[in-house]
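Feature annotations, reproduced from TrEMBL:
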DOMAIN    25-92  domain 'RNA polymerase sigma-70 region 2'
DOMAIN    126-178  domain 'RNA polymerase sigma factor 70 region 4 type 2'
Amino acid sequence: MPALFHNENAWTRLRGGEEQALFELYKSHYNYLYKCGLKISADADLTTELINQVFMTIWEKRNSLPELQNPKAYLLTTLKNKILKTWEQRKRYQAMLESTGLQMEQFQHSIEEHMLQMQLEADKKQQVLSAIEQLSPRQKELVYLRFYQELSYEQIAERTSLSPRTIYNNIYEALKSLKDSLVQKVLEVLLVLSLMCF
């Protein structure tokens, strides 16, 4: 049986819903489609994946496929379109990443790096909490009002009936105490903040 007639016959049977005809077309056209697809995409895995998609698509649309004498050209055109569409999607995605300043390496952090970062954050938090526990009850209250509630010295004075100078001195002493327990850099920031806010 000539190949052209065989392919036409398989195509007709495929359109009629015969699954075996799909496998016959796949077997007889795979190598040709792979060679042509590889020339276009230069990506073996992508080419294989898209050839499989071509045959899944024609199976899903078997009831609406056109009558063909030689399905080879139809299959190749379908594959080319899928390759071009995939590359277009990749280009658009890459352009979107570049336009927003995001780079792929930002998404490639390892689980170990993430876990280490979480552990460091937990350690910092624990250090701060431990250091704050060493303060007197009044110092804790004033530090809380100043840095967590972000109240001014005058607002704290209204709430506590203490003078702004007393509040400043207590907070200053609290920060000096924290300096012994916390990382130098963090403390310097807090100390500068407290001095700037007075």
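Using the three backbone atoms N, Cα and C, a Cβ is placed for every residue, glycine included.
Secondary structure counts, DSSP: the domain 'RNA polymerase sigma factor 70 region 4 type 2' (126-178) has 43 helix, 0 strand, 10 coil.
Looking just at the domain 'RNA polymerase sigma-70 region 2' (25-92), the mean pLDDT is 87.
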